[in-house]
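*Asks:* Annotation comment: TrEMBL describes 24-44, 56-80, 100-117, 138-158, 164-192, 226-248, 268-287 as transmembrane segment. The domain 'G-protein coupled receptors family 1 profile' feature in TrEMBL is assigned to 35-285.
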């Protein structure tokens with residue numbers, strides 16, 4: 001761990017900048033936790049949302065919640081221990097933050113990949129979708145990945161594998177997942193286009209399965225999940241660009257020159273933008289998904305009603 005710790009300590013103190021980052025991380029952490037807890041609790045308490053597609057969405061909300069509840073506090077603690085020169089604690093906390101960041105980031109992208117596959121199957125299978133895609137099968141493809149990728153990352157960090165190797169592995173996994181996402185969404189939109197032209201054509205009689213298939217509903221669902229994906233990639237892009245620039249220009253030794261300071265501040269700011277994604281995602285669900293939005297409204301009203309009743313009982 002010592003070798004990796006020496007790599008993590010970049011000798012850029014920047015107390016005001018780090019203090020500002022900690023304040024912003026605290027705000028995004030609280031908002032991410034509260035919003036995603038609300039979404040997860042609503043899904044859990046609403047039977048109509050106990051469907052495989054919403055289970056995937058719950059996985060995405062869970063990764064955002066855990067990043068707000070675990071990942072961001074670890075980043076705050078990393079900056080705090082660095083400023084206080086608590087080297088031993090800093091090394092452990094910083095490595096933990098790295099593991100959690102890779103773990104939840106990978107799980108988020110993996111879930112987005114599963115969602116793209118799920119949307120393609122919903123459009124291709126039509127009425128057979130419900131019998132093929134079940135909650136049990138969703139659990140079978142999500143839980144092993146969550147556990148497996150965490151064990152794999154812990155093994156890499158315990159073995160003190162160089163960050164270059166970790167980044168290469170991450171890039172390969174990222175390439176496979178992004179390729180799958182692009183292929184699935186391309187096929188889904190192509191299939192929707194064919195269905196639309198088939199239904200609207202007067203010379204072609206659509207079959208019963210196509211007639212019962214709500215094209216507009218699935219197009220909106222597809223557009224919503226594509227919006228979530230594009231927002232995530234857009235918020236991750238500054239980090240990838242900053243990380244590549246920072247690694248090429250600075251390597252493992254960082255001095256107190258102006259370029260190093262600027263590149264480090266850009267890298268740290270881009271990490272904060274990634275953290276903000278955990279707050280943006282639940283807002284997108286509430287904006288674009290009417291069933292979740294209405295369920296959340298009902299849940300909030302119930303919570304407020306119970307609170308008012310408890311306050312009245314205390315007064316009496």
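Each Cβ is built from the backbone N, Cα and C atoms, and glycine gets one as well.
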*Asks:* Please give the sequence-distant neighbours of the transmembrane segment (24-44): residues at least 6 beyond its ends with Cβ less than 8 Å from one of its Cβ atoms.
*Replies:* 50, 54, 57-58, 61-62, 64-65, 67-69, 72-73, 75-76, 272, 275-276, 278-279, 281-283, 285-286, 292, 295-296, 299-300
*Asks:* Residues of the same chain, at least six outside the transmembrane segment (226-248), with any C-beta under 8 angstroms of its C-beta?
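*Replies:* Long-range Cβ neighbours of the transmembrane segment (226-248): 60, 105, 108-109, 112, 115-116, 181, 185, 263-264, 266-267, 269-271, 273-274, 276-277, 280-281, 284-285, 288.
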*Asks:* Please indicate, using numbers and ranges, the residues of the same chain that are 6 or more beyond the transmembrane segment (164-192) and have a C-beta under 8 Å from a C-beta there.
*Replies:* 102, 106, 109-110, 112-113, 116-117, 119-120, 123-124, 156, 215, 218-219, 222, 226, 229
*Asks:* Who are the long-range neighbours of the transmembrane segment (268-287) in its own chain, taking Cβ under 8 Å and residues 6 or more past its ends?
*Replies:* 17, 21, 24-25, 28-29, 31-32, 35-36, 38-39, 57, 60-61, 64-65, 67-68, 71-72, 75, 105, 224, 227-228, 231-232, 235-236, 238-239, 241-243, 293, 296
*Asks:* For the domain 'G-protein coupled receptors family 1 profile' (35-285), report the average pLDDT of the model, please.
*Replies:* 86
*Asks:* Grab the same-chain neighbours of the transmembrane segment (100-117) for me: Cβ-Cβ under 8 Å, and only residues 6 or more beyond its ends, written as numbers and ranges.
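*Replies:* Sequence-remote neighbours of the transmembrane segment (100-117) are 53, 56-57, 59-60, 63-64, 66-67, 70-71, 74, 138, 141-142, 145-146, 149-150, 153, 166, 170, 173-174, 177-178, 180-181, 184-185, 188, 225, 228-229, 232, 236, 274.
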